[in-house]
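Feature annotations, courtesy of TrEMBL:
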DOMAIN    2-138  domain 'Dyp-type peroxidase N-terminal'
DOMAIN    141-304  domain 'Dyp-type peroxidase C-terminal'
Amino acid sequence: MLAPPARSAIFLVLTVRDGDEAADTVRGVLGDVAALVRSVGFRIPEAQLSCVTGIGSDLWDRLYPEAARPAHLHPFRALAGTVPSVVTGAAHQAPSTPGDLLFHIRSTRQDTCFELSRQLMVRLGEVAEAVDEVHGFRYYDERDLLGFVDGTENPGGAIAIDTVFVGDEDHEFAGSSYVIVQKYLHDLDAWGRLTVEQQQLIVGRTKSDDIELPDDVKPTNSHVAVNTIVDTDGNEQRIVRENMPFGSAGAGEFGTFFCGYAADPRITELMLSRMFIGEPEGNYDRILDFSRAVTGCSFFVPTASFLEDQAD
Ligand code: HEM
């Protein structure tokens, strides 16, 4: 998850059928994900194929009833804004939608992402159903479809490692992570009717050269201001985002698949609360006036060795 930004990604969100047999099959497949990545990716090393496996709260209890429970694993908590949008008139909603499993597949080549997703679905067979499948692509110089560079302020190096991996505080799960995903659909027509200056005030950065606006210019309800959180000791609360643009010109569907990793998912949840409810309440994130969340799921990401051990 800390590899350089992917050129291609597939986000597969699956539900798993009821019953012990389905759980046995899934446990076995999850233990083989690393081997499948090697089978698909080894022949094309330059593709840098990787796959992150996320497990939802309900499925965790079915798969690993004997194992400990990750401290912060719970279903995605839906959020409902409390004031009407100044553009649509409706309060913003972050729905919670079904999702037992997430495969976040990344590569420099779409073919390897596709092949791994195919192999995973073959192995899972009838026991899993895809409830969402998003094929994301790199859009120019890491831009989202709103035209802004996305990912600039992601932490790197040692800070990224601390941000993403559970430490010794939950020692049984050290080296694991949490991921929250949401599919956002943009109203590109409405966005396109804004001037670049208006768009910049909504995002909090300049559009062409991606510079953060000065504090006295950047509105408190800009996306960047809402998501810049500093705790009482002055430490910035960070997550690592692996967002990808996706779309279908024919269907007129354009969006951002939000994917946020954190050692402590309460940070991502706080960001979501600030975006949808606002801090203070009502000061919601202006990006939501042009982009609506249509899915929302939370997952725990165990280490590959945990998945392999549990499958044996
Ligand atoms: C429609 C969906 C979204 C779009 C298009 C989007 C786009 C962007 C863009 C263009 C930036 C500025 C460049 C950067 O530093 O990456 C940014 C920053 C950021 N976004 Fe988002 N984002 C979306 C959703 C979210 C969500 C749901 C969260 C958190 C739950 C989030 C958290 C952040 C954070 C933490 C920053 C960095 C703030 C800073 O320290 O400067 N974003 N996003």
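Using the three backbone atoms N, Cα and C, a Cβ is placed for every residue, glycine included.
Please treat TrEMBL annotations as automatic predictions, because they have not gone through curation.
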Practice task
Restricting attention to the domain 'Dyp-type peroxidase N-terminal' (2-138), give the mean pLDDT.
Solution key: 97
Practice task
Report the DSSP secondary-structure composition of the domain 'Dyp-type peroxidase N-terminal' (2-138) as helix, strand and coil residue counts.
Solution key: 49 helix, 42 strand, 46 coil
